[in-house]
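Notes follow the structure.
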């Protein structure tokens, strides 16, 4: 699919791996040859890390593309995509690099393949600086499926920092087109639930303490709902290494989902981990939006590809979201507007409507 190479500046805005994920996925979908320069220029260790490299190699394999300059530490790559193919694709970060970020880059592409796909993704399932796999399965999945597709996410093995070792298998069938979404009516919170986990050598008491601290924190602000956070000991044969963490989800009467999550670190007590997740959830409920701060940017590429006008109501628009919009406009020529919400109940809140006229991408194989 030769044509003029599109130049992408990897150092602007968010300046990290997300620019690489959005731009290479759109390149693959639209058949745009790409040069990305200044990769992760804004980070303490610039250039490609193992998880970015495995994501790039996966995209290359998804479409039999050509990839040059892709090695650890590289700050410039060129990518020339060909036709997207379904079937079985494997990516292994060989570290605790996030399998959820591998999903972010590959899922939009295989939706437009000729046949069903199976993505075998290896790395960290519950890793810092990335969505936890529980977030992907419990929040991202039900919301993104509103675009008119479904996928199956099978967690074979959980993996934690620093070794990774997790494995997730994602199965999905292609679609002809994506439908637009409208997520602007938040409704009221009807349920709060979650899981607090320990894996490996960590004692079960840590899970119970995280859950109890989170419940106490939420109760201060939301008194009329039962908060059901289950402490879980991950089975030995389903978790590699040691880890602990928590995810708490609030569900509303209109089917909106919000989350707060946190991972344990050496020397941080369990209560603090639980409270951090609870406070993140409460912050996401205060802004009046219909999606939380971590879902915003993950929906942008789907809004850009969909046929018709999508609208989502958000809290403050994150830098990740602004970055995703910038590249969706530059590469896919989708049209986005971001406006302060004019609803009376949002007047005192930092609430926005992100609207997109999608490009109506059509699967040429179906």
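Note that the numbers count up from 1, one per residue, in the order the chain is shown.
Just so it is clear, glycine is given a Cβ too, placed from its N, Cα and C backbone atoms.
Among the features that Swiss-Prot reports, active site, tele-AMP-histidine intermediate is placed at 320. In the three-state DSSP scheme, residue 320 (active site, tele-AMP-histidine intermediate) is classed as helix. In sequence order, 14, 18, 296, 297 make up the list of same-chain residues 6 or more apart from residue 320 (active site, tele-AMP-histidine intermediate) whose Cβ falls under 8 Å from its Cβ.
Annotated ATP binding site per Swiss-Prot: 104, 131, 294, 297, 298, 320, in sequence order. Look at residue 104 (ATP binding site): DSSP puts it in a helix. Close to residue 104 (ATP binding site) in the fold, though at least 6 residues off in sequence, lie 21, 25, 298, each with a CB less than 8 Å from its CB.
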Max CA to CA distance in Å over the ATP-binding set 104, 131, 294, 297, 298, 320?
13
Cβ within 8 Å of the mean position of the Cβ atoms of 104, 131, 294, 297, 298, 320: remaining residues of the chain near ATP:
18, 140, 295, 296
Filtered by Cβ under 8 Å and at least 6 apart in sequence, the residues in the chain of residue 294 (ATP binding site) near it are 131, 135, 139, 259
